[in-house]
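Participant: So that we are looking at the same thing, I have put the structure below in structure tokens.
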């Protein structure tokens, strides 16, 4: 056994140390030297194509198997011909991808569109470096300040949510401001309640404009700017349709013992007379030959309107035209440099009866009633002693336009009384309510008030006079209407 192992070791060659290979000699010709001999460049090596996906290593855990391979990210767009994409991979390597002609055209078109979009983009910055808030928060913050300053009840402040149907809060703010700043304010043919109501509506409109809130189906002021065209020609008036009103005869009969009858005898002794009506009762009759009505009401009797009428009627056309000229001169006194508002009238179109958000039409007129009122005891005022231009306008034209409830009900009136209210305000006081709200705003906020765009009046069929009311649904908690 030992001899066999010894013989096997002898046959195994020794691999421990091998002699180095012989050095290669370098020989030069007689005409050459080592310095003159140029090295021959080696041929370029082929670049390894890195576009091929590298073979991933075998994962060592289950988590590595489930992980998605990193995606390549477009880093640079080459300017070679043909163009190539240089893609950056997650492992730090790069790859090159050729682009087709169609892809190049798509990229050029998208780049042109992005340049055009950048030209139309408006960059909005916050110059005050203040946090941006929503319109609702902006309005709530301003109203919280006003409600606290003008002593609105705590319960109403807690329930206030800056909603369009919370107009009573604005009215209370204006009422407190009037009592503190404008005590003893004089109004002409206007009630304090209606004046405060309109101020609250204007304040609500300014607050919504300040906050940037706009209600598409609800206008808070309930007013319009009407281009009436009632002073362009002598004796010509226009109704709300924009058409010329028709002249007709109008006979008014009043009870002799009533307040209106006694006032008619005192103010119009030349026209009013006591006579017997067809039932043999003594009444005060006033016959007006200059009454004006809508052209749809030519065939209708007194206090009757057709289904297409606008509901506008003047018992004395000349008095109405004087009232329109009065408000023109009155506005020109306050705004002598105005260019667009002279022939326009700011008029409320929704009284308290119509100031509902349900959008349902009411019986009768759908707009406020417009009536010209005489200014008594103006003839004895000397114009040379008066310097106020607004007062001079009223002295020169002693009639005022008064806006009342759409369907007023008078005392001792016969028939069923429909929905009515005590809404009553004159045209100069409507402008006064707007001006006082601007003063209130200037006392509590810096800068000028926001733009309050009051809509311009345009006739629509939904404003026609309605002789029949829609059926009313009163509601019921039962599931079935009848018992079976």
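Cβ atoms are placed via backbone N, Cα and C, with glycine included.
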Participant: Looking at Swiss-Prot, which one out of 399, 421 binds Zn(2+) 2 in the same site as 351, 353, 405?
Facilitator: 421
Participant: For the Zn(2+) 1 site that Swiss-Prot assigns to 239, 241, 310, which of the candidates 223, 293, 294 is also assigned?
Facilitator: 294
Participant: Can you count helix, strand and coil residues in the region 'C-terminal arm, DBP binding' (468-484) using DSSP?
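Facilitator: Result for the region 'C-terminal arm, DBP binding' (468-484), in helix, strand, coil order: 0 helix, 0 strand, 17 coil.
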Participant: Given the binding-site residues 351, 353, 405, 421, which one is most crowded in terms of C-beta atoms within 10 angstroms?
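Facilitator: Of the binding-site residues 351, 353, 405, 421, the highest Cβ count within 10 Å belongs to 351.
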Participant: Mind giving me a neighbour count for residue 150 (phosphotyrosine)? Other Cβ atoms within 10 Å of its Cβ, every protein chain shown.
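Facilitator: Counting Cβ neighbours of residue 150 (phosphotyrosine) within 10 Å gives 18.
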Participant: Reported as an integer number of Å, what is the Cα distance between residue 150 (phosphotyrosine) and residue 351 (Zn(2+) 2 binding site)?
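Facilitator: With distance taken Cα to Cα, residue 351 (Zn(2+) 2 binding site) is 26 Å from residue 150 (phosphotyrosine).
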Participant: Helix, strand, coil: count each for the residues of the region 'Flexible loop' (252-286), based on DSSP.
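Facilitator: Taking each residue of the region 'Flexible loop' (252-286) in turn, the totals are 9 helix, 14 strand, 12 coil.
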Participant: Using an 8 Å cut-off from the Cβ centroid of 351, 353, 405, 421, can you name the remaining same-chain residues around the Zn(2+) 2 site, in sequence order?
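Facilitator: Neighbours within 8 Å of the Cβ centroid, excluding 351, 353, 405, 421: 352, 354, 368, 404, 406, 407, 408, 419, 420, 422, 423.
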Participant: So, three-state DSSP: helix, strand or coil for residue 150 (phosphotyrosine)?
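Facilitator: The residue in question, residue 150 (phosphotyrosine), is coil (DSSP, three-state).
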